[in-house]
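*Asks:* Just lifted these from TrEMBL, have a look:
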ACT_SITE  K9  active site
ACT_SITE  D143  active site
BINDING   P101, V102, A103, S104, G105, I106, G107, G108, G109, S110, A111  ATP binding site
DOMAIN    69-150  domain 'GHMP kinase N-terminal'
DOMAIN    218-277  domain 'GHMP kinase C-terminal'
Amino acid sequence: MIAEAASAKINLALHVTGRRDDGYHLLDTLVAFADIGDRLTVETAAAGAGISLEITGPFAKGLSGADDNLVLAAARTLEAVAAKRGKLVPPARLSLEKNLPVASGIGGGSADAAATLRALNRLWGLDLSAEALAELSAPLGADVPMCVVGHPLRATGIGTDLHPFAAFAGADALLVNPGVSVSTPAVFKALTARDNAGIGAVPDLSDREALIAFVATCRNDLEATAAKLAPAIADALAAVDNTAPLLTRMSGSGATVFGLYDSAEAAKRAAEAIAAEHPEWWVMPTKLMPAV
Ligand code: C5P
């Protein structure tokens, strides 16, 4: 059995810098990955069994295991790539432990699809490089290639032009999801400004203070619009702000927001305070992983 982590993706900054003719938006985003996430396992199944998917975990009920699931779509994409190379792959049994809230701005489905590609690449002995996997994954969704890479990076274009960092500090963080799901297309559609400045020249981010100081100069251009569509996002931002973090921001198109703290202890204390006040919210202290 092969296991792959599907780490939560955090947009430390997300600037919307334009829009293409096909409606997709141009982005300039700074992305880190958390040490929590979903978990995907794959194993070879009996002949004739095909590709199957079982979903477990705290957020399993929010997901369909039907063919439109991004995990199955990723498996079929890779199966087709193998077939094109003349390789007939054996059936596979996939199992997804869904620990992250669904449709919540922290990668979820994209990270699951990326983990599927990495896991099946190993199970089927396809020997595709991470770059090749990232490239073939773009049709599955604009956030999938960055999740294939899985290390701190800057992404431009529609989010698929990837610039990984050789040096990038880790950080203590808290993720808070107020239990509403937000439609990404609806947030993009409701934007009133689309030609914003990018994140500019990025300094050396190998030191945590430099990282937080730089992130503080950036924005999430989807935040105000998402909070208007889903006021619970504003409540979550205010709740995190109340715990004296170094920085508070929304990730992706929401509804998950995050705080950055100067220690794991401070992130844990903030988590306890928010969970006590909002027992129905998903509140998760974590670490953003440094570049390796
Ligand atoms: O690529 P993905 O299917 O994840 O995108 C979902 C939706 O989000 C798109 O259909 C589009 O409405 C919006 N989007 C966008 N610009 C991007 C990425 C996503 O407008 N760069």
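Glycine is no exception: its Cβ is also placed from the backbone N, Cα and C atoms.
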*Asks:* In the same chain, which residues outside the set P101, V102, A103, S104, G105, I106, G107, G108, G109, S110, A111 have their CB within 8 A of the centroid of the CB atoms that define the ATP site?
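*Replies:* Surrounding the site, in chain order, are A8, K9, L100, G252, T256.
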*Asks:* Give me the DSSP three-state residue breakdown of the domain 'GHMP kinase C-terminal' (218-277), ordered helix, strand, coil.
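*Replies:* Taking each residue of the domain 'GHMP kinase C-terminal' (218-277) in turn, the totals are 31 helix, 10 strand, 19 coil.
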*Asks:* Could you tell me which three-state DSSP class A111 (ATP binding site) falls into?
*Replies:* helix
*Asks:* Looking at the recorded positions listed here (P101, A103, G107, A111, D143), whose Cα lies nearest to that of K9 (active site)?
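*Replies:* Its closest listed neighbour, by Cα, is G107.
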*Asks:* Could you round the CA separation between D143 (active site) and A111 (ATP binding site) to a whole angstrom and send it over?
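*Replies:* So the Cα of A111 (ATP binding site) lies 8 Å away from that of D143 (active site).
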*Asks:* Have a look around D143 (active site) and count the other CB atoms within 10 A of its CB, chains all included.
*Replies:* 28
*Asks:* Under 8 Å between C-beta atoms and at least six apart in sequence, can you list the same-chain neighbours of A103 (ATP binding site), or say none if there are none?
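*Replies:* When sequence neighbours closer than 6 are ignored, A103 (ATP binding site) has G62, G109, S181, V182, S183, T184 within Cβ distance under 8 Å.
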*Asks:* When DSSP states are folded down to helix, strand and coil, where does P101 (ATP binding site) land?
*Replies:* coil
*Asks:* I'd like the number of other C-beta atoms within 10 A of the C-beta of K9 (active site), please.
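*Replies:* There are 25 such Cβ atoms around K9 (active site).
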*Asks:* Report the mean pLDDT of the predicted model across the domain 'GHMP kinase N-terminal' (69-150), rounded to a whole number.
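*Replies:* Averaging the confidence scores along the domain 'GHMP kinase N-terminal' (69-150) gives 96.
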*Asks:* CB neighbours of A111 (ATP binding site) within 10 A?
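*Replies:* The Cβ of A111 (ATP binding site) has 29 Cβ neighbours within 10 Å.
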*Asks:* Using a Cβ-Cβ cut-off under 8 angstroms and a sequence gap of six or more, which residues of the chain neighbour G105 (ATP binding site)?
*Replies:* N11, V182, M250, S251, G252, S253, G254, A255, T256
*Asks:* List every residue in the same chain as P101 (ATP binding site), at least 6 positions away in sequence, whose Cβ is under 8 Å from its Cβ.
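*Replies:* The list for P101 (ATP binding site) reads F59, G62, G108, N177, G179, S181, T256, W282, given in order along the sequence.
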*Asks:* Please determine which of the binding-site residues listed here (G107, G109) has the lowest count of neighbouring CB atoms within 10 Å.
*Replies:* G109
